[in-house]
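> Before we start, here is the structure in question, set down as structure tokens.
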Amino acid sequence: MAKASAAIEEFLAMLAAERGAAANTLAAYRRDLEGAEALAGDLATARRPALSRLGSAWSDLAPATVARKASALRQFYGFLVDEGLREDDPSSALPRPTMRRPLPKTLSHKEVERLFEQAEREAETSRPLPVRLLALIELLYGSGLRATELVSLPVAAVPRDAPFLTVTGKGGVARMVPVSGRAREALQSWMGLRGSDSPYLFPSRKAHITRVRLFQMLKELAVRADLNPDKVSPHVLRHAFATHLLEGGADLRVLQTLLGHADISTTQIYTHVDAARLVALVNERHPLSARAAGKRSTLAEKRTED
């Protein structure tokens, strides 16, 4: 089992790579985790009783502060389990003050198009790195993969003829993820140039490309596409995948399966994105709305006659 200090460093590196966390954000996570460790002992080995004592220690803090500290720990333990550094997750012992969840950051359709147009222009050179980058973003936005899932994909996860990937997500749970025709073409182009005996689809000298490198490549692509690099990250492209699918009419349960969420409540945060469309849909399609519109039309005609 990893020592807490090393595990914290790995966790912070993941936040920077997958979520584009700024230096101040990373410093806040570090303070929360190290503060919790001072109260509960070694976080990497801490059990539920030790974590339950944190609730008492935080009793004088504002609910928002408690929620932030508890969230940092839940994410930390989720990361440890995800990376195989720990088998159990003791974070259920942490307090859960009632707080509204922040809305996920995303990109507009036009911003995604600009990002892809730039990547496609660069891939036309048939040079390996631009072709690889196009394949990466096709899978991020086209299949909604987590950064960790994407960079660690084995070659065996990509069947030649079936339009699906076999992805191992959080907790070692496998799921089937559909791959678009565009993504398959990009993958085929990359496989033709890959030139490696590595078992990984996106190999590096040691194993596979890292989340940090994927994060850097997306930032660099955003700059070349004349987009704000602060708005672009693997995490944001995954959110864009979910947001745009929901806008297009995808069922929330289907979206839950595609994203690999264990709990539908995690997926429900995306329902905010389509509120305007849903209101318009009810106003236009609901039988009573149509009836009310008919009455308004009749009243308008009577006023005209008068």
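Every residue gets a Cβ built from N, Cα and C, even glycine.
From Swiss-Prot, for reference:
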| type | residues | note |
| --- | --- | --- |
| ACT_SITE | ARG146 | active site |
| ACT_SITE | LYS170 | active site |
| ACT_SITE | HIS235 | active site |
| ACT_SITE | ARG238 | active site |
| ACT_SITE | HIS261 | active site |
| ACT_SITE | TYR270 | active site, O-(3'-phospho-DNA)-tyrosine intermediate |
| DOMAIN | 2-81 | domain 'Core-binding (CB)' |
| DOMAIN | 102-283 | domain 'Tyr recombinase' |
> Any idea what the Cα distance is from HIS261 (active site) over to ARG146 (active site), rounded to a whole Å?
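Just about 11 Å between their Cα atoms.
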> Kindly state the mean pLDDT of the domain 'Tyr recombinase' (102-283) in the predicted structure.
83
> Report, in whole Å, the straight Cα-to-Cα distance of LYS170 (active site) from ARG238 (active site).
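Approximately 15 Å lies between the Cα of ARG238 (active site) and that of LYS170 (active site).
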> Using other CB atoms within 10 angstroms as the count, which residue among the active-site residues LYS170, ARG238 scores least?
LYS170
> Could you state the whole-number distance in Å separating the C-alpha atoms of LYS170 (active site) and ARG146 (active site)?
9
> Around the Cβ of HIS235 (active site), how many other Cβ atoms lie within 10 Å? Please give the count over every shown protein chain.
23
> Would you pick out, from the active-site residues ARG146, HIS261, the residue whose Cβ has the largest number of other Cβ atoms within 10 Å?
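Within the set of active-site residues, the most crowded position is ARG146.
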> Roughly how many angstrom lie between the C-alpha atoms of ARG146 (active site) and HIS235 (active site)?
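One finds 7 Å between the Cα atoms of these residues.
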> With DSSP, how much of the domain 'Core-binding (CB)' (2-81) is helix, how much strand and how much coil, in residues?
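When I sort the residues of the domain 'Core-binding (CB)' (2-81) into the three classes, I find 63 helix, 0 strand, 17 coil.
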> Specify the secondary structure state of ARG238 (active site) as given by DSSP, simplified to three classes.
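SS state of ARG238 (active site) = helix.
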